[in-house]
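What follows is a short report on a single structure.
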Amino acid sequence: MNSPGEIRQPFASVLLATLYFVAIVSPVLVAVLAVPQTDHSLLSEIAKNCGLVGIGILLLQFVLAGRLRWICNVFSLSEVMLFHRSMGLLAIALLLLHPVLLAAGEGDWSLIYGWSQPWYIWAGKLALLLLIAHIVVSVFRTALKLSYERWRMTHDVLAVSIIGLTLVHSWFAGGDLQTWPMRSLWILLGGAAIFVLVWHRWIRPMKLASQPMRVVEVRQETPDVWTLRLAGAENWTADHLPGQFQFMTFPDSRAIPPEEHHFTIASSPTAQGYVESTIKASGDFTRKIQSIEPDDAVIVQGAFGHFSHLRHANEDAFVFVAGGIGVTPLMSMLRHMRDTGSGKHVRFLYANRTAADIVFANELAEMQATQSPPLTLTHVLSNADKSWSGERGHIDAEKIERLLGEIESTTGVYVCGPQAMTKQVIEVLRDRGVSHRRIHTESFSLAHDTAPTSAGSLWRRRLTVATVLMVVVLVFAVALWRADGASGGKGHQHSHGDSHGSSDGGSHEDVSPSEETHDHTDE
């Protein structure tokens, strides 16, 4: 089972970040070690380095998208996927620059528009066209009315095609690829990418499908919210932290399509023999949840996510802020606190439209009445009827100050809800001096950053900026070093083969969330 000890440590974070950077720039490093200097111009060398690093990033995209536990234990999956998207954009920029700078450096623009080119140059051009098509399809997916599943299939075909064409192009066109160290590295990186892709798309799904869980109960919580209780085989035990989420697929249900979607685990890991997800019917897929039948098979992958109080043992009290179905990860934490006898106090602001929309209303009332765990609960309704005597309106700065009071430096703040609410609450908390290290949230979508000032988001943004800057510096520095031979006129070594670069093309792998842009709660 996951444990509190899996809190991200600075050493593990720095180690993984360093390994990633070394991996994506390894083609340039190996190239300069194999052929220290060439007789090519500075622009040509910059172009080749852009192509080499671009391919390195593309190949590592498959690793980032593979939901590998050893990565997701250090960085949350949502942060990994946001970083994955940023690196995809960097790869695209580098690979688009590659042919332009190469043509400028060689003084031969026919490399771009000419027809009389070797077949491996055409492979690069085709990869570039597919790259542009991939960008168009990804950016305008909604306008093109592509379902997530159809987009994902298109994306996979384009990604594999682009990677294949760039590898072939660089293998035959790139002068650097004529050395055995570079070809060995290409085989190593390409093999690793293919292995992760096959594992993520086929081997692991087949393994999970051979050991499915079963639906044992479908329970209505509110007019549009339903809870699914799943049970595993005999002696199955929960393997998640409270607040995490999992991916679920219903392969043989007559009610819903066999699509993969992610939902929060609302039950506590202390639950005996089952796991529950509470889901709001808000999209084409989730509106059919109520039609799922007991004994339907469920393929479950997970758990994922860092949104859990157990990862922060040094917090001696908590503030929870939830909106709508965003209560589910917080409910998982509360249930765990209750079941384990936690004495840490929780101040909880819970926003809904009406009293009928309050999920887990009775259970929350019982927790407050019994003070198990110690709980101060305040409901805030935006569209309450006349009989409602509690707080009205939205969770704003005035309510946060009045209802929560002072938030001590050892108090952890957990926010989950609609994107607009989450951003507003975090801005208020930061204005009140709450450290970003004490603010915890995960976005409603694996591709949207709803908490730009949370600790995880700041770490990822800094890593992204640092990676981009170091890539730019390395590309120019190595180009200057290798092109020095051309300007010096002696003591240089010619590059093997022609100078038609290393790659054209790119893709970023699997960054889209489920069709409904909802978090692990699928609101």
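Glycine residues also receive a Cβ, built from the backbone N, Cα and C atoms like all the rest.
Listed in TrEMBL:
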TRANSMEM  12-34  transmembrane segment
TRANSMEM  46-66  transmembrane segment
TRANSMEM  87-107  transmembrane segment
TRANSMEM  119-144  transmembrane segment
TRANSMEM  156-173  transmembrane segment
TRANSMEM  185-203  transmembrane segment
DOMAIN    208-310  domain 'FAD-binding FR-type'
TRANSMEM  463-481  transmembrane segment
REGION    487-523  region 'Disordered'
COMPBIAS  495-523  compositional bias 'Basic and acidic residues'
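Below 8 A, the CB atoms of the transmembrane segment (12-34) and the transmembrane segment (119-144) form no more than two pairs separated by six or more positions in the chain, fewer than 3 in all. With a cut-off of 8 Å between Cβ atoms, the residues of this chain six or more beyond the transmembrane segment (463-481) that come close are 17, 20-21, 24-25, 28-29, 31-32, 36-37, 42, 45-46, 48-50, 53, 83, 86-87, 90, 94. For the transmembrane segment (119-144), the partner stretch with the highest count of Cβ pairs under 8 angstroms, out of 46-66, 156-173, 185-203, is 156-173.
Long-range contacts of the transmembrane segment (185-203) within the same chain: residues 23, 26-27, 30, 55-56, 59-63, 65-68, 156, 160, 163, 167, 170-171, 177, each at least 6 residues beyond the stretch ends and with a Cβ under 8 Å from a Cβ of the stretch.
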